[in-house]
Amino acid sequence: MIIDRVEVETINSFSKLELLKEVYGLISILPILTLLLGITIEVLVIVWLEREISASIQQRIGPEYAGPLGLLQAIADGTKLLFKEDILPSRGDISLFSIGPSIAVISVLLSFLVIPLGYHFVLADLSIGVFLWIAISSIAPIGLLMAGYSSNNKYSFLGGLRAAAQSISYEIPLTFCVLAISLLSNSLSTVDIVEAQSKYGFFGWNIWRQPIGFLVFLISSLAECERLPFDLPEAEEELVAGYQTEYSGIKYGLFYLVSYLNLLVSSLFVTVLYLGGWNFSIPYISFFDFFQMNKAVGILEMTMGIFITLTKAYLFLFISITIRWTLPRMRMDQLLNLGWKFLLPISLGNLLLTTSFQLVSL
């Protein structure tokens, strides 16, 4: 059968179209891969920083043998967990046991979609950005509860119940604080919230307009991260390791990863909501406005924004690590009383006060 020239050109055009689709697909996932690489590096840095700061507080020597200054210690630990045997409980629910860590990790990773790390550097600038984060972060305790229930272990089950109770108790004050910030910024978009703080530089940050909300958000974030003094779901002296008791290998490593990812997400949201995000501390005259805008200047401005955002986030990280080695663990009744009887009324009063001021200013 003879194929004429028109049919050959048509076939070639379709093949080129398929090639373009493949190239476009690769380009579209490039930002996601870049973000995942950045998150991985950040987690490794946070683990190293925590060990070094903890060693300094306790006046001892931190990791020093795995690489220069112990920088490769986290990679060595992750590699060890990757190759350890994955032990499954004989009388547990194997499917839920395997799904639990995955739900926890995925829910935390999705939170990075709406975090603006720099100017024009956000995966999804949604109109409901902060509410999407709250909705996604409330899924993680379901994974922890599934992990505790499926282990068929009383310590694991108690740890899962504690994680769920703790998350519910502190999610509500956290939401009220976010609502107050949204009222001040007239938007739920994380990018709009940052830009609303850029007008007056350092004095335009929401931490000065919402000092009570900032303290409540700070405490609630630490509780959501299950850090000392709020690490009751995995209290070693009481519950062995809580919902992680029956886990080993890569599944245990996923829970370890979730802990530091939660800490990183909370640090970035404190920066975005209260510390001006990528904005510099001087009043709003951008250094880059003196130059003609081109690609090089745009990339440099974005890089500076990322650097400023991460610098502010590391301040929260330092505070959380210091608190870990300063305050003792709370009892479960004290933790619930703090959430329901103290933080909830204060955050609700702060929201009502903010609403009143916004109505008066109209």
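Any Cβ shown, glycine's included, is placed from N, Cα and C.
Swiss-Prot lists 29-49 (among others) with the feature transmembrane segment. Proximity of distant same-chain residues to the transmembrane segment (29-49), defined by a Cβ-Cβ separation under 8 Å and at least 6 residues beyond the stretch ends, is recorded for 63, 70-71, 73-75, 77, 109, 112, 123, 257, 260-261, 263-264, 310, 314, 317-318, 321.
The feature transmembrane segment is assigned by Swiss-Prot to 103-123 (among others).
Sequence annotations record features per position, and here Swiss-Prot assigns transmembrane segment to 128-148 (among others). Remote same-chain partners of the transmembrane segment (128-148), defined as residues 6 or more beyond its termini with a Cβ less than 8 Å from a stretch Cβ, comprise 96-97, 99-104, 107-108, 110-111, 113-115, 156-161, 163-164, 166-168, 171, 174-175, 178, 181-182, 188-191, 193, 224, 233, 242-244, 247, 255, 258, 262, 265, 269, 273.
Remote same-chain partners of the transmembrane segment (164-184), defined as residues 6 or more beyond its termini with a Cβ less than 8 Å from a stretch Cβ, comprise 130-131, 134, 137-138, 140-142, 144-145, 193, 196, 206, 209-210, 213-214, 216-217, 219-221, 223-224, 226, 230, 232-233, 273-274, 332, 335-336, 339-340, 343-344, 346-348, 350-351, 354-355, 358. According to Swiss-Prot, the feature transmembrane segment maps to 164-184 (among others), an assignment based on sequence analysis.
Look at Swiss-Prot and you will find 202-222 (among others) tagged as transmembrane segment, backed by sequence analysis.
Long-range contacts of the transmembrane segment (247-267) within the same chain: residues 39, 42-43, 46-47, 78, 81-82, 84-87, 97-98, 101-102, 104-105, 108-109, 111-112, 115, 133, 137, 140, 147, 151, 221-222, 224-227, 313-314, 316-317, 320, each at least 6 residues beyond the stretch ends and with a Cβ under 8 Å from a Cβ of the stretch. Under the heading transmembrane segment, Swiss-Prot lists 247-267 (among others).
According to Swiss-Prot, the transmembrane segment annotation covers 303-323 (among others).
Swiss-Prot lists 342-362 (among others) with the feature transmembrane segment.
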Among 202-222, 303-323, 342-362, stretch most in contact with the transmembrane segment (103-123) (C-beta, under 8 angstroms): 303-323
Close approaches to the transmembrane segment (342-362) from elsewhere in its chain (Cβ under 8 angstroms; 6 or more beyond its ends): 170, 172-174, 176-177, 179-180, 183-184, 210, 212-213, 216, 219-220
